[in-house]
Amino acid sequence: MDGDTALDHDVAPNGVEDATDDAGDLNGHELQDPAPQDMQVTAESPAISTPMNGVVSEEQYIQDEQPSSTPDVPMLHDGTPEYRTKYILSGHARSISALRFSPDGTMLASCEAADKVVKIWDVYNGELIQTLEGHTEGISDVAWSHDGEFLASASDDKTICIWGVEELSMAKVLKGHTNFVFCINFSPSSNLLVSGGFDETVRIWDVARGKPLKTLPAHSDPVTAVTFNHDGTIVASCSMDGLIRIWDADSGQCLKTLVDDDNPICSHIKFTPNSRFILASTQDSTVRLWNTETSRCVKTYKGHTNRTYSIFVDFVPGGKHIISGSEDCKVYVWDLQTRQITQVLEGHRDVAIAVASHPHRPIIASASMEKDLTIRIWYDKNAPST
């Protein structure tokens, strides 16, 4: 029996659900921990030449390359996005580790795993707005507060820096983690921040006071992603131990643990807008959709390659598609309901490790590693002009 469930916005909450197809045999392949040193390889010159402002327009660059391809399925034009490169951003000197759009969608933040800077880009013209410096070690993640006032960065220096967006200067430094801080996210009300790190803890912080409220002994391996649900009452975390854990944000109690039989390293998680489901990226080249109420995996998405690095996943605005980076240097787009690959975006020259979706418009961003070092902003060519 096929495990697909009818989807209504995200997934029909009252639908009958069956577990989806098998997660796949690892065939004895040993997964490598995505530790920061994996990305600290010798830097190479960027594969393209760019102007001083660090942006290459589509017209300047896309001549001999095929910016995207579709795998043996017809390209649909009934709401299915068809992404094309709009801007190629250059300016990072080391592997890019994370990307996040600002809540209003006008800015894109990026950071480097082996360097100490955060860069802020203009989404609509590709220009570099600002470079933020303050950490003493590499940066693994960035997150915007939902009110748009702050940007946070998580670093190997064991701190979290909170930057004021209006003045683009450091406002606070949060200290408490005893090892690399790997992942962060703000609560919907922007008054709390959750973080996870290589000390295997999840920490919840009071943003205004810059103080920790709770420290959860969350996992038995480094924590790779943390996030709040839609109303800030629940925190989810995932780890190299293969577990996804659901926590009460107020009490710190572990409410549920989601785990696949094969227990692959879980790299990244994302709640659906209604918080009934969690999208999870795992290092067995699979993306899974979990029902948080039944603790069951209801859908799996395959076709990309992910065995080594912590690769991001995200939902495309509208809730009908998902995206993921891949170790074959491509970005994959799936139909959320049918699980079919609808597009494969090509152009990066190294692992496409980070992806992010615009909060309102059919725009996505992707970033790559040492042999590439570029960020690509992709626009849906089928979207109506605004």
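Yeah, the Cβs are placed from backbone N, Cα and C, and that goes for glycine too.
Features reported for this protein in TrEMBL:
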type	residues	note
REGION	1-45	region 'Disordered'
COMPBIAS	1-11	compositional bias 'Basic and acidic residues'
REPEAT	89-131	repeat 'WD'
DOMAIN	89-378	domain 'WDR5-like beta-propeller'
REPEAT	132-173	repeat 'WD'
REPEAT	174-215	repeat 'WD'
REPEAT	216-257	repeat 'WD'
REPEAT	269-300	repeat 'WD'
REPEAT	313-344	repeat 'WD'
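Taking residue pairs at least 6 apart in sequence, the repeat 'WD' (89-131) and the repeat 'WD' (216-257) share fewer than three C-beta contacts under 8 angstroms. As a summary of secondary structure, the repeat 'WD' (132-173) carries 0 helix, 25 strand, 17 coil according to DSSP. DSSP assignment over the repeat 'WD' (174-215) gives 0 helix, 24 strand, 18 coil.
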